[in-house]
């Protein structure tokens, strides 16, 4: 009988349950997707900087667990808000508290298990799709990556079971402790904000102050070292909380006092709705703003890493392509290079520890020696020219640079570079060899050709000392390292975004049931449908917009943090921001749609 | 006295249920008129069709056939925004459960109908003050609905219903959730509004005491108007007795 009651409860409100259900499915699918990567040690170590990656993934997993937990508890309160009246009716009919608790328990667990199971199946599909798309996009090695990963399934199931167990216990206790009448009317009573204005102002000042401290800590990572992270985290959490608790309320009250603004259409009602909500929303809004920042930050940094792969390669090596003693195949391959700015061939002979170059070749086209900054990157195309005359200026470094370019010399220290005239060069014993340098307009577009040339060079000189010094090699190494980081950034970012937006969505939808009466009342009073919709849209826009705006500010300051890792963390910032806002907007629109369906439907 | 008609309803029927399903006729041809400045009560037991009638009068529901004119406008022909605008300008409501917006203060609740018509804030303030004075709620204007008593809530609701000078005030069991003293106070106020400010009132109730405040009472039973009582020069006490007697015979 009890099971039947519980199941019929689900049947009766199928639409609302579909919302709840799809949300839970999404969250468990994302959780699985993340776990499939995070717990797959061979995939991580294969791709990113070993132990560092593990820490990042662990950190990500903990964050994901926290947000999943918050998410499930909101989803649960949504569930409870839907069923409250039914439960109260059962109680009025004489059902015992323990029976009701049992009922809630069965219902919550049933929903939890089903959603998790479906979510894992969806997660396998999602992992295959999204994971592979990201892998292709970033050119990360897909070795060891598999959509179906058994330990991840176990982890996901176990985690969700625990979360749902806790949630259903909390639900059951909540229901059985409260008097029936309170259950029927809870949440309808507004908590009038009785905080004194002066205290609110104080909160505002402290809030903005701690945000400033947090932002400063992130910008001063070089001085503060590792302690910057906890300082920033604590200060920003406190700052966000106080900001929502006080600043928004102060602003709304100021708006309400401006009667010319407030006394138009439903504005006063909309403002009050927001005011009414803000208090119970302070927690979730500050959480969302921080998660928003983390998600957006992860994606921005991920993109930053990806964008800097060619830049780091570009700034690490002077010449885009260098070939040695070209054969017909090399010539064929180099002819395919596009946008060649400069192509110079140098001739040399190696005799023991002596290397000979022709001085006219160097006078005509000096080899460029880059000036490097503290990170070993070439700073702003600043080069010194290596010519027979300038050689004495920095003999050791210059000769190392030249030895890097030629084939067949491994002893850097004892090799001597000589510049001779063309005639004396031809009289020297030994076979003349050549190397050809290419400077290209855009290395990135020539990636395929560069790879082919590199492979051919490796074939021509299998035991050479050239390996690892070309731009292409540099590019490939960075791809493995930074690509892995970028992959993680995207992944974490998307996962957080999906979760946080749906958390907010559920928090709002959970309250929708109580708002029904208000909108019905306004409709009766003769409020136009369009005005009602406007009011709903602006209210939700504020609830969605505020944490997003604060989140964006968090990110803008937070990127300071990555100055130690990235050349310019702010480069190409628009793309992730726009993509992120579009996804977030879609969540907003879905929430508006669902909310309108709930409150306007009668 | 100007005998303008604020409510004219003619042969109104309302049938629930679709054609090929089991149908139920809630109203079976109801006709009556309310003149400007009248205080009319509609009495009937549960299931008599009085709620359906009020819903149709207040344009929340549409009749299956017949016409409903309020202040000369046929409301059955209004749709969407026109209907909403008509409701917000011509009709005032008071419900049993107050229907106040608890996120707004009393003042804001009362001002809402004016804000909806985009009346300037300068004009809103004195209008709210004056109606609040009439209803004796000046002192609680800045309180929230949850902070005042039931009687006060209903006065706030009445102020909200009247602040924009509607053609007619509809009351749906407005005293239903009030204690007897608050109920009497509210009814006295309604009578005062009717007598001194010529507010047209249509009160739907099943409570004979509330109904005895009206000048004319229509009895509705099984979807039809049966008897009609007029108070005339009778004292309220006598009229009350007459209602009780009528109810006694009417129920049979």
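Positions of Cβ are set from backbone N, Cα and C atoms, glycine also.
What TrEMBL records for this protein:
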{"type": "DOMAIN", "residues": "A:59-179", "note": "domain 'ABC3 transporter permease C-terminal'"}
{"type": "TRANSMEM", "residues": "A:17-35", "note": "transmembrane segment"}
{"type": "TRANSMEM", "residues": "A:55-82", "note": "transmembrane segment"}
{"type": "TRANSMEM", "residues": "A:103-128", "note": "transmembrane segment"}
{"type": "TRANSMEM", "residues": "A:148-170", "note": "transmembrane segment"}
{"type": "TRANSMEM", "residues": "A:201-219", "note": "transmembrane segment"}
{"type": "TRANSMEM", "residues": "A:231-255", "note": "transmembrane segment"}
{"type": "TRANSMEM", "residues": "A:276-299", "note": "transmembrane segment"}
{"type": "TRANSMEM", "residues": "A:487-510", "note": "transmembrane segment"}
{"type": "TRANSMEM", "residues": "A:540-561", "note": "transmembrane segment"}
{"type": "TRANSMEM", "residues": "A:573-595", "note": "transmembrane segment"}
Outside the transmembrane segment (A:55-82), six or more residues from its ends: residues with CB under 8 Å to it: 13, 16-17, 20, 23-24, 27, 30-31, 34-35, 37-38, 44, 48, 104, 107-108, 111, 159-160, 163-164, 167-168, 170-171, 174-175, 187, 284, 287, 291, 294, 485, 488, 492, 495-496, 499-500, 502-503, 506-507, 509-511, 513-514
Recorded stretches the transmembrane segment (A:540-561) and the transmembrane segment (A:17-35) touching, at least 3 CB pairs under 8 Å: no
Same-chain residues at least 6 beyond the ends of the transmembrane segment (A:573-595) whose Cβ lies under 8 Å from its Cβ atoms: 19, 292, 295-296, 299-300, 302-303, 493, 497, 501-502, 504-505, 508-509, 512, 536-537, 540-541, 544, 548, 552, 559
Average model confidence [pLDDT] within the domain 'ABC3 transporter permease C-terminal' (A:59-179): 78
